[in-house]
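**Student:** Here it is: the structure, laid out below.
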Amino acid sequence: MGPVDWLPHAPLEPVQLDWLNGVELAVLRLDLIDPLISGNKWFKLTGHLAQAQQACGIISLGGAYSNHLHALAAAGKRFGFPTVGLLRGHPQDTPTVLDLQAFGMQLHWLGYGGYRARHAPDFWLPWREQYPQLHPVPEGGGGRAGALGCAVLVEQVRRQLPALGWAGYDAWWLAAGTGTTLAGLALAEAGAHRVYGAMAVPDDHGVARNVEAIVQGGYELLDASRGGFARVDPQLLDFIDATHQACGLPLEPLYTGKALLALKAQVEAGRFMPGTRLIFVHTGGLQGRRGFTG
Ligand SMILES: *Cc1c(COP(=O)(O)O)cnc(C)c1O
């Protein structure tokens, strides 16, 4: 598909919240990179596109609320390349699925059993035969290629520090699902600044293993899942509301809301000294929120 020369710009914004207790926070707004494409998934995809020189489009897979498929379909529409989505379960019209169709993504529903087979060695064979000119991207856009696509975020933050009056920063804080985005930041930082990953999934989902396969050290994982992926509780929803009212920052309950709430708990526990400067990555996901809040 040739080199992807369109790299989104993520604004860095200072945020005031009463629980910060002297810790300074700036939010890297990946939710604001583009009117159609949102979040960390496009950065991960650029890493895969860099490897897809011979292909004319992308085939990938995900669920009926998938932020990954949404970003892929939106990018295909924006840049004019074909996309195919392999979906978990049976046909349903979620807001995400309606967008995928509107963006021109070709959909195939795999059922639940068919989707579970996605890690089998021969899973891709029939799809490669049907779509020989499309480059396959794993679920969520993960792996080392996906991580490398996120490395540019470090540079984007550095360039915007002077506008905030910051001479530097101390650490990163972000939600982790597979840990690919965190791994990309840790790769680019090479130990210069610690990267904290607030896990949206419980420990047994293999996040640590995913990250270790890509980068050695420079990061720390914390469980922010609140009992399970997509598990939502009133305290979390209140926190998301309160944050929006306090500073206008929109969060969703699966990743970014849990990540910021986990940061609040750590600040209150005294993990960060007053004056510490943190970069919180808003990884997007607001489109998926439609399925949960109506
Ligand atoms: C996918 C996703 C994540 C997790 O990213 P990983 O690279 O898998 O850790 C975090 N936040 C949002 C909003 C996401 O959609």
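Note that Cβ sites are derived from N, Cα and C of the backbone, with glycine treated the same way.
Found this in TrEMBL, in case it helps:
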type	residues	note
ACT_SITE	Ser66	active site, nucleophile
DOMAIN	22-284	domain 'Tryptophan synthase beta chain-like PALP'
MOD_RES	Lys41	N6-(pyridoxal phosphate)lysine
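For each feature listed, report its degree of burial, its nearest neighbours and the pertinent distances within the displayed model.
**Tutor:** Mapped onto three states, the DSSP output places Ser66 (active site, nucleophile) in coil. There are 25 other CB atoms within 10 A of the CB of Ser66 (active site, nucleophile), with all protein chains counted.
Around Lys41 (N6-(pyridoxal phosphate)lysine), taking its Cβ as the centre, 28 other Cβ atoms fall within 10 Å, counting all chains.
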**Student:** Just to verify a number: CA distance, Ser66 (active site, nucleophile) to Lys41 (N6-(pyridoxal phosphate)lysine), in angstrom, no decimals.
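**Tutor:** Lys41 (N6-(pyridoxal phosphate)lysine) has its Cα 10 Å from the Cα of Ser66 (active site, nucleophile).
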**Student:** Looking only at DSSP and grouping its letters into three states, which state does Lys41 (N6-(pyridoxal phosphate)lysine) belong to?
**Tutor:** helix
